[in-house]
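**Q** I have a structure here, written as structure tokens, and I will follow up with some questions on it.
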Amino acid sequence: MNIHIYVNVISVSVCICICQALIEMAQVLSKEHQSFEVLLSKMAATIMPFTHAQYCTIFIPSKQTSVTEDNTNNYFRYVPIQPVLFLLSYTIKMGHLCKLHAHTAKLSIYCYLAVCQLMNKQSRDSDEMEAFNRYDERLLEDLAVYCGLALQYAQAVQITEERRASIEVTQEVLAYHITAAEEEIQALQEAMIPSGESLNIFDFHFSGFGLPDDLTTQATIRMFLDLNLVQDFNIDYKVSLCQWVLTVKRGYRNRVPYHNWNHALSTAQSMFAMLMATGQLQTIFSRLEILALMIATLNHDLDHRGVNNSYIERTQQPLAQLYGHSSLENHHYNLCLFILNNTGSQILSGLSTEDHKTVLHLIKRAILATDLTVYMERRKEFFSLAKKKRVSWKSEKQRDLLRSMLMTASDLSAITKPWPEQRRIANLVAKEFFAQGDKEREQFKIEPIDVMNRENSTRLPNMQVEYIDEICYPLYKTVSGLFNSCSPLLSGCKKNRENWLQLAEEAEEDNNENSSTVTFETHKSIDEETQTEE
């Protein structure tokens, strides 16, 4: 039996040539290049000597250009081409040999990332043209894999750089529009800041609703002054602090009924009142921790949209895609950081590098702690710790837990305010919640949870009692047990529970008399009452 064996053997010299070509191409691709066109040109320049092609053109599927190198007079020609649709793959689709005329041959290797075209192979022994052979195909196949990887990486870098530039432009626009007007800044710089007593900021019953707009920012300045934060951290009062406060104020959306600047001021004042009411807290916390807490309370709801994390995740908003969990709180922190880095608002510029890093970490931890989910996860540990006879608060873990609970205590402090203000705030919260519930019913065709269901508006007193019992009262009882000077928070919470419970009982009596509504003193709906007060 005759057995014919056909073996395709590449000579040693050919293998060496291919290896040399790949090494040179790898060296070219490993270096940084000034532009995409330069990379393409160097690719073409590396390919030609090994294939003896007169022309090497690389086409890419983009709005850029194709780059052609001419071996005869050594210049590059940029030829605009229309985009070609290719899949992102390293798979090489082999081309074919074709005679263009008697002395010219053309070889094209098609890659899903680009097309590399060689033309006019010159004979090694003469000036005549010859056809490309299997060796040329093999060489171009191997080089195409290297080139494909390099092109994909270069394109990724290019896209990243374009997006980075786009983000920088967006940040410039945001910084311009969020920064307070020069007239506002100058007015605050020149204002005589009232005393803390006249602004009533030492009182746990402080209300920002009655303050004129300019006094809300002056009250914020006064808190930083009375805590000696301006002096201790070399904060430039006129250049940085005034602009920073006004810029933070502009970072809140006025159309959001509750989570707006008034809520931010109230939260910061509650933290301030707790810190000033007892020397114990100022002894427990370092100066950096106190600075972080005040910045965090003022910034903890920046750019709140009037909806909660659940709604943001359910509607697949960019915030949810960006952060995954605690979307709003992460957004609040990042906007806080943006303002702190904004020219003219850099109140932390006097800190050392290490202190600056530390305080940003503390601010982030504090703002993320205002997510009620975080509070519910950590409060059991806090309650258990508080039951101990003596807590030293020396460990960072214990102080972090305390800071987290005090952030929530400040955030929820509206429930401790005098009854008229508490009722007004509850109406604002309900207005915001019901608006979200309306959106959920319309968009998802679902029944909102009770606190966001407008149809449950008559149950507001009952829901407030449940809210106090489940969320607020245990926290204020524990904080007041640890720090007796914070007991006004607990007292206010208990008084408001009694008032809400009375309204709930009245509503139940009305229901027993076949009444379908529960009325307040004005007998107005929540929305009507809120609109009148606004």
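Glycine too: its Cβ is placed from the backbone N, Cα and C atoms.
Automatic, uncurated: that is what TrEMBL annotation is.
Sharing the features that TrEMBL gives for it:
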type	residues	note
BINDING	His259, Asn260, Trp261, Asn262, His263, Asp301, Asp411, Gln464	AMP binding site
BINDING	Asp301	Zn(2+) 2 binding site
DOMAIN	181-507	domain 'PDEase'
REGION	506-534	region 'Disordered'
**Q** Show which residues of the chain containing His259 (AMP binding site), separated from it by at least 6 in sequence, have their CB under 8 Å from its CB.
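**A** Result: Tyr252, Asp301, His304, Gly306, Glu432.
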**Q** Cβ distance under 8 Å to Asp411 (AMP binding site), same chain, sequence separation 6 or more: which residues?
**A** Thr267, Thr297, His300, Thr370
**Q** Among the binding-site residues listed here, Asn260, Asn262, Gln464, which has the most company in the form of other Cβ atoms within 10 Å of its Cβ?
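**A** By the 10 Å Cβ neighbour count, Gln464 comes out on top.
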**Q** As a test of reading the model: what is the averaged pLDDT for the domain 'PDEase' (181-507)?
**A** 96
**Q** Return the residues near His263 (AMP binding site) by Cβ distance under 8 Å, restricted to its own chain and a separation of at least 6 in sequence.
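**A** Sequence-distant Cβ neighbours: Asp301, Ala414.
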**Q** Mind computing the max CA-CA distance among His259, Asn260, Trp261, Asn262, His263, Asp301, Asp411, Gln464, which the record assigns to AMP binding, rounded to whole Å?
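**A** Output for AMP binders His259, Asn260, Trp261, Asn262, His263, Asp301, Asp411, Gln464: max Cα distance 23 Å.
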**Q** Taking the Cβ of Trp261 (AMP binding site) as reference, which residues of that chain separated by at least 6 in sequence fall under 8 Å from it?
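**A** In sequence order, the residues whose Cβ lies under 8 Å from that of Trp261 (AMP binding site) (at least 6 apart) are Thr216, Lys249, Tyr252, Asn254.
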